[in-house]
Amino acid sequence: MDMRQVNSLSYEEFVETFGNVVERCPVVAAAVWSGRPFANSHDLEASIGEFIDSLPVAGQEGIVRCHPDLAGRDLKRGALTAESRGEQTQAGLTLLDAGDAARMNRLNAQYKERFGFPFVICARMNNKEEILLRLAERLGNEPAQERQCAIEEVKKICQLRLQDIIQCPATHTKL
């Protein structure tokens, strides 16, 4: 899909197309639709980021809570969104051995107990070892710092999901 097509989508089509660029949060797509026309994918991405940043703390935490636990119950039940399943598969989280799975479950539980929302990281930019390391490290963050970190990871996920949907025009260079 190119930007001309993006900008011509009806409200319903836009929300259907972009409703999961922020995991299980179609309200984000619904909110930014009225900002059309977008000059390019970066403009759309910036609009989404600005909307998320403008939310009160409870709204930002709500967005983070829409994400599943990594390698968690939803993965085992087959209840992940297609995007999340692909991202977790790419990071190697669907093939954890028993030891790594137990460690992931333990750290996820500790994290959720400490912060009140699931650990979010852009799985496509990390592998299972890096994810386990970051999860353990981020347990030491202060709550406000960790909420901001989680929101920045949500934005990275959003950026990659937008790239999956929108064709970016090729860069033409003179040789």
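One is the number of the first residue shown, and numbering goes on along the chain from there.
Any Cβ shown, glycine's included, is placed from N, Cα and C.
Annotated features, as they stand in Swiss-Prot:
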type: ACT_SITE; residues: His67; note: active site, proton donor
type: BINDING; residues: Pro68, Ser84, Arg85, Gly86, Glu87, Gln88, Phe119, Val120, Ile121, Cys122, Ala123; note: substrate binding site
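What Swiss-Prot annotates, mapped onto the structure for a quick look.
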residue	record	Cβ contacts under 8 Å, 6 or more apart
His67	active site, proton donor	Glu23, Arg24, Ser84, Phe117, Pro118, Val120, Val154
Pro68	substrate binding site	Glu23, Asp74, Leu75, Ala79, Leu80, Ser84, Pro118
Arg85	substrate binding site	Leu75, Thr94
Glu87	substrate binding site	Cys122, Ala123, Arg124, Ile157
Phe119	substrate binding site	Asp69, Leu70, Leu107, Asn108, Tyr111, Lys112, Leu135, Arg138, Ala150
Ile121	substrate binding site	Leu70, Ile131, Arg134, Leu135, Glu153
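In this structure, Ala123 (substrate binding site) is part of a helix by DSSP. The Cβ neighbour count for Ala123 (substrate binding site), using a 10 Å radius over every protein chain in view, is 25.
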